[in-house]
Structures are given as structure tokens and as C-alpha cells.
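Engineer: As annotated by TrEMBL, transmembrane segment applies to 36-56, 63-81, 107-131, 207-225, 253-273, 377-395, 401-423, 435-464.
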Amino acid sequence: MPDGSPETPLLRHHLEGWRHRLTTGLRLKTTLLSELSGSVGDLGTYIPIVLALTLVSNLDLSTTLIFTALYNIATGVVFGTPMPVQPMKSIAAVAVSETPHLTVSQIAAAGISTAAVLLFLGATGLMSFLYRFLPLPVVRGVQLSQAMYLNFPKFIKIIRFFIYCKLIDGFEFEKGLAFAFSAIKYIRYNQDFSKTTATKTTDPRTWLGLDGLVLALTCLLFLILTTGDGGGNENNTSIVPTNRRRVHKRLKILSAIPSALIVFLLGLILCFIRDPSIFNDIKFGPSRFHVLNITWDDFKVGFLRGAVPQIPLSVLNSVIAVCKLSGDLFPGTELSATKVSISVGVMNLVGCWFGAMPVCHGAGGLAGQYRFGGRSGLSVVFLGLGKLVLGLLFGNSFVRILSGFPVGILGVLLLFAGIELAMASRDMNSKEESFVMLVCAAVSLTGSSAALGFGCGIVLYLLLKLREMDYSCFGLSKSTEEDEFLINP
């Protein structure tokens, strides 16, 4: 038998599998412009956190851009959906808000610790077990709480990205999502991403100017007119009534406009117009890669201060909620909780050693990319290629460009992402399910902890089921004859 011939069919099988994955995952499911527009749908959360970590904690922006670019490309190929790569928000909140600030090595240690836990849960099958048996209303409650501020109030409240909007008189869903109010605050007030002082208020944003209210409102109206409710225009023209075909054609043209991409590119152009001195500060080329020297003390501090609050959030929002949301947005293609959990683990066990920002997948990012047109893995591949070019070309000097980005535009993108995520909770069909979901969301908000809301939601769900349980199988209830005698003696 020729040397190596038994392995040839196996190798051919693997090559065919990867070829099939590439062709299906990166196949256009909508227009190319829509995929490009969807690729920037999660930058409303990505840019502020990366910028804050860079300015406050001296994060290496070039390394983070390059590694997150590679993550984007890999996840686009592996998952075949616009799977986002976002910062671990609880670690970021601790890093820039608590005193003393976490060092880069401690941030990396927190990311590695969180990644190790998620990799263990995924590899042992425990994550799949949690995913199968967790009640849907509890998951929806976690999603809704994230949508209300996309986990930002804890982060933004501390570093004063915008005024923290408290819930008053309970949960008033019919008056609008608290997330919407927070995003409007984000648009209305000036922000300083390098500030960590506990100031009560920020200066109101002026109406005119290159980062004024008029600009933000114009972008908001433009996105509403072009994207509508985010459902796209996928109806078959042949079944549209004749008197509506002209309207249908107009909506099809509007939905084909890469609105989010246009708004984002406008923001980049305005960076240079607002501060032309950026041109003088740009230095070309990436920073040099190096392995961090992470000590045992770094791991101890990083785990206790960063990983402990991050782990429950990553399990709930970065894995379970993402898989549930993917099933809602892409019926028939629900992601594997095991695969998503392992993905988060592998990304950080590689990149964090080089100083890259700890990252995870997030339901808010997926909702944002879907909202603006992302329907396949090609969307995040485009985003990854863009990040890779910026990281290699501008390196750490790109922080000068990001620091001048109009914050009002970021607030607009963030608003749409949060609303799309909140809309996933509309499948609660009974009052009981809605009750569990809203209690879980309310506790998550007021307690600033998704884990606390999750725990309360589980307890409430079990109590409601316990209330309806038939105890006859345990011999704790009287027989039918005895019940009849008690009713009619």
C-alpha cells in the first residue's frame, strides 16, 4: 500500500468540509452593500470601550485591532452568521473605574481566567446542558436588561459616558425602553472618554456644530427612513398588490442603501474636519508584538476583580443569549452553545497573552449587525478586514482619530442595536412568561448585575412551576374520593 494512502480520503473529507463551510458561511444572503452596512452595526459599543481602555489603561490599540480583526474573520467563517466580537464589558468597567486601575497585565489575566472557565464549560458539555434547560423567559429577561442599556449603565455610570438613567416607579415598558432614554442622554450630552471622576452631570450638547444635536438627529432620521423597523424588504413582488408595488419598489431601494456604513464613514470624515491636527499625529505602521509578563499576583487581582463579575455575564449574554437570538433571527440555524463557548475561550487564551483586549460574543452586537443588514458571515469578515487594515496601517495612532469621532453618531448606532435586541423578547406568549421576563430584567437593571437578575428569574420560574405542580404522585394530596367527600359531605 503506498505510503500515506489511508490518510488521503480523510484529508479529502476535511478539505471538502472546509470548502463547504466557506461557501455556505460566506455566501451572500442579501446585497453586498447591506452586508457592508451591517458590518459596522456593533461599533456603537466597540469604539467607546476600546477608546476608554486605550486612554485610561494604556491598552495597545494596534494589537487589539489586529487580533479582533482575526477573530472577526475566523468567526465569520466558522459560524456563517454576523457573529460579533465585542469587549468584555465588566472587565472594562473595573479596569477604568476602580482605584487603582487594572494594569494591562491584570486586564489580560482577567480575560484569560474568564476564557479558561468558558472553555471548560464548553469542552465538558456543561454549557450545552445549561442552554437546553434554562427557561426561555429567564434568558429573554437577561436579553431585555442588556437591551435597555446594552450593559452600559454599569460601565457608563462609573466613567460618566452619560448620565445614569434610573428606573422610577417600576418597569414602564409602555413608556419606552430605559435603554432608549439612556441612548438619548448619550446623544444629548458631551462625553469625555478619558474621565473617570464621579461627576454628576455633563455639558449639554449644542444644537449646531460637527458633533451637535442637529447632526445626531439627522443621522437618526436617515437611519429610520432607510432601514424602517429593521425587517428588511424580503417580500416577493409577485404577491404584492398592484397598488402597492410602487411603494414596495421604493422600500426596496431604501433598504438597499448601506445606511449604517454611510453614517459611520461620515463620522470618520468629521474626525479630520473637527481637528485637522490629527494628520500631523498619525504614524504609520503597527506596534511591535510582545508577550506580556503576567505574574501570579496579576492573575490573583485580575481574577478577583475582573473575571468574577465577568464570568456570569459571559455565560448568559455572550453564549446563551447569543445562541437564542441567532435562532430567532436566523430560523433553522441556531448556534451551538458548546461551539460559541469554546470560541470565546480560544480567542482570549491566544490574544490576551499579547496584550489584546479581552473579548466575547454579545447578543447586542449580533442584534446591531442584523438591524443594519448583516445576514451572513461575510458581514463580520468585512469588518475584520477593515480592522486589520487600520491596525496595520495606523497602529496606536488610530486612537487620535477615534477620540475625535462624533459621540452623537455612536449614540444613534447604539440606540438601534439595543432596540433590535429588546424586540427579541416579543415571543413571550403568556402572562406568566412575561412576568418572569420582566422581573428578571428589572432586577438586572436595579441591581446592575445580570447574574443577580438571572438568579431571581430562576427562583421565580421554579416557584411558579411549584405552585402548579400536581402533588398526588408524592402521596401528599388526598384521593379523588376524599376530595369529593370534602366538597359534598
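Using the three backbone atoms N, Cα and C, a Cβ is placed for every residue, glycine included.
Just so you know, TrEMBL annotations never went through curation; they're auto-generated.
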Engineer: What parts of the chain pack near the transmembrane segment (207-225), using Cβ distances under 8 Å and only residues at least 6 beyond its ends?
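Structural biologist: Residues packing against the transmembrane segment (207-225) from afar: 187-188, 254, 259-260, 262-263, 266, 270, 273-274, 406-409, 411-412, 415-416.
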Engineer: Mind pulling out the one from 36-56, 107-131, 253-273, 377-395, 401-423 with the most Cβ pairs under 8 angstroms to the transmembrane segment (63-81)?
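Structural biologist: By the under-8 Å Cβ criterion, the transmembrane segment (63-81) pairs most with 377-395.
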Engineer: Excluding the flanking five residues on each side, which residues at least 6 beyond the ends of the transmembrane segment (36-56) place their CB within less than 8 Å of a CB in that stretch?
Structural biologist: 64, 82, 84, 86-87, 89, 92, 95-96, 101, 107, 150, 152, 155, 159, 161, 191, 193-194, 196, 257-262, 264, 357, 362, 364-366, 368-375, 379-380, 382-383, 386, 396, 399, 402-403, 405, 407, 410-417
Engineer: Between the stretches 107-131, 253-273, 377-395, which one has more Cβ pairs under 8 Å with the transmembrane segment (401-423) than any other?
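Structural biologist: So the stretch in question is 253-273.
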